[in-house]
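A.B. asks: I have a structure here, written as structure tokens, and I will follow up with some questions on it.
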């Protein structure tokens with residue numbers, strides 16, 4: 001502790017004269033946002049984001065005097081931010097409601113969230129060794145914005161997940177979490193969680209996206225769900241984008257990052273949650289979009305919703321909107337309390353914030369260990385490029401000093417006292433709001449998938465065009481074959497080429513499957529849907545598209561090649577191709593889930609299709625294959641059963657004349673090129689095998705989704721990456 005002043009002297013610049021409460025303050029008319037006292041001078045401030053026309057009249061919040069005293073723990077020691085004084089003001093006069101928020105959304109009953117001595121351990125090599133959050137204590141109150149701030153790998157997201165009850169299976173939680181004074185987890189429908197990455201359906205409009213989310217999440221009548229959607233659109237100021245496609249179309253550009261982020265938050269607001277957890281709400285946003293989004297969140301918080309979110313850093317204007325801050329570094333809590341008290345805490349610890357610097361930048365500069373590398377680089381440049389002493393500070397010393405100062409400060413004692421009052425008396429228990437029924441969710445996902453497939457050109461329209469071009473090419477190459485004995489071998493080649501390349505071109509639908517799986521994994525994490533619901537909906541929605549592809553391609557090929565002109569045989573041909581496509585589609589979904597990467601999935605499927613083509617019995621008769629390739633590879637290739645069924649459909653019961661008297665059965669003529677059965681009913685057995693394979697691959701995918709095998713694959717990839725990086 002004795003070396004702290006000397007270390008902080010290096011960090012102070014000549015402009016940081018406001019290092020203590022007794023230091024000189026900036027002029028009253030300067031753009032100094034976060035240390036101005038409320039009063040008449042506020043009326044003469046030159047710049048304030050409260051003057052935005054979006055802000056409008058502020059909502060009126062009726063707060064009991066005792067509740068107000070319990071909620072404000074630093075009233076006597078800290079000043080009130082001017083940007084927050086207007087938003088959090090308590091008034092008894094009539095005030096108009098906030099524009100964009102309906103009457104129903106202004107009556108949200110928030111939830112008080114308390115965490116005490118919370119620690120999170122991550123399991124590595126079957127042991128819980130790494131502690132990413134260490135004895136964190138804090139609280140979040142209704143109607144407030146609570147930010148969890150810190151550098152990368154400080155435990156922000158893990159703490160947020162712990163509060164929301166969304167920790168991964170590899171994590172173990174220690175400590176206590178209280179919801180309205182009761183030690184419990186938040187039930188379904190009482191909270192919303194927004195991930196860092198926006199996982200949206202690009203082929204839907206904003207209103208459609210929210211409407212389908214409401215149908216999946218909410219029970220009750222359609223009118224109520226539609227009302228919830230319109231309220232969410234108004235709350236997030238998405239009225240101008242409500243009927244625009246999220247991902248754009250043709251020459252129309254998609255939604256900007258800021259609006260996409262708003263849609264992700266609005267999807268959770270449809271449930272009218274008591275609490276909202278957001279991981280990095282300003283991720284990939286510019287300064288203007290970030291400010292507009294935070295002002296919108298401040299509006300939503302003013303309706304009573306409890307909002308907790310993580311953030312790496314923010315501008316000065318955004319920082320002024322926060323009510324409380326939880327500052328983390330390497331899992332340690334360096335401060336929890338009101339935002340202005342955090343500035344005072346840094347000043348008391350010997351690390352005051354310079355006047356012209358953003359508070360969040362100053363916090364991260366002091367506690368981010370990555371700056372040590374910058375210091376080392378600056379020392380090498382000091383002789384040639386001047387003095388770099390302003391950044392010459394050991395962050396480890398700053399972290400230890402800030403943590404020790406906070407533990408012995410009045411702020412920490414005030415937090416403990418406030419937590420004691422919050423958990424002393426139990427509040428109302430949050431109840432699950434219920435969800436849509438099983439059959440309803442299947443119907444909603446089926447209809448949404450059909451709509452997405454019809455709009456997504458790379459799933460259906462491009463595949464249909466490729467299939468038609470392929471079928472025309474093969475059909476014109478093998479046209480006018482006739483029905484002589486010499487045409488049998490050529491017709492077998494035509495059928496093999498048609499089936500093999502039809503399956504190979506199915507790879508073009510991979511990107512759509514990957515996008516749909518990502519949306520499902522996000523919705524399943526938020527408990528909006530389940531694995532069985534997703535698989536059944538995907539199956540029902542894919543049937544009309546695959547059948548249309550089957551019948552359009554088959555009609556062209558069938559008549560160009562000149563197969564037997566019987567309706568029953570034509571229908572079997574269509575059904576056989578449809579079952580083969582369905583089995584191939586199921587295999588594609590399994591591979592897409594395993595990798596979730598277009599390049600890896602494409603290479604894997606091309607390799608599997610080539611192997612199945614080799615062992616399908618065309619290049620070498622099935623019985624003549626080596627045992628290594630015959631068992632089990634040839635029996636796992638759906639090409640084998642598809643081609644056998646089509647050949648049996650064409651040649652069983654036929655005969656070819658050899659000379660004027662003798663004739664041979666069609667089966668004997670084909671067996672020189674392909675091994676088929678002489679039974680007329682055996683083709684239906686092959687069709688049944690294709691159906692079993694299509695269902696079997698989907699059952700495999702169901703098991704993978706239920707046991708979350710994707711998590712194990714990610715851990716293996718991470719271990720391999722760590723080994724390769726350390727080698």
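Backbone N, Cα and C define each Cβ position, glycine as well.
Under the heading region 'Disordered', TrEMBL lists 1-36. For 13-25, the entry in TrEMBL reads compositional bias 'Low complexity'. Marked as domain 'ABC transporter' by TrEMBL: 113-355. TrEMBL lists 464-482, 488-510, 531-561, 573-596, 603-621, 684-705 with the feature transmembrane segment.
What does the local environment look like for each feature on the list?
C.D. replies: Here the transmembrane segment (488-510) has Cβ contacts under 8 Å with residues 458-460, 462-463, 466-467, 470-471, 474, 477-478, 481, 553, 557, 561, 563, 577, 580-581, 584-585, 588, 592, 598, 601-602, 605-606, 609, 612-613, 616, 618, 638-639, 642-643, 646-647, 650-651, 656, 666, 669-670, 672-674 of the same chain, all six or more residues outside its ends.
Within the chain carrying the transmembrane segment (531-561), a Cβ under 8 angstroms from the stretch's Cβ atoms is held by residues 438, 441-442, 444-450, 453, 459-460, 463-464, 467-468, 470-472, 474-476, 478-479, 481, 491, 494-495, 498, 502, 516, 520, 524, 570, 573-575, 577-578, 581-582, 585, 589, 698, 701-702, 705-706, all 6 or more beyond its ends.
Residues 499, 502-503, 506-507, 509-510, 513-514, 517-518, 538, 542-543, 546-547, 549-551, 553-554, 558, 563, 604-605, 608, 638-639, 642, 645-646, 649, 683, 686-687, 690-691, 693-698, 700-701, 704-705, 709-710, 713 of the same chain, all 6+ positions outside the transmembrane segment (573-596), place their C-beta atoms under 8 angstroms from a C-beta of that stretch.
Among residues of the same chain six or more beyond the transmembrane segment (603-621), those with a C-beta under 8 A of the stretch's C-beta atoms are 492-493, 496, 500, 503-504, 506-507, 510, 587-588, 591, 594-595, 629-630, 633-634, 636-640, 643-644, 673-675.
Proximity of distant same-chain residues to the transmembrane segment (684-705), defined by a Cβ-Cβ separation under 8 Å and at least 6 residues beyond the stretch ends, is recorded for 524, 531-532, 534-535, 539, 572, 575-576, 579-580, 582-583, 585-587, 589-590, 593-594, 638, 641-642, 644-645, 648.
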A.B. asks: Would you mind giving the whole-number mean pLDDT across the domain 'ABC transporter' (113-355)?
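C.D. replies: Mean model confidence (pLDDT) across the domain 'ABC transporter' (113-355) is 92.
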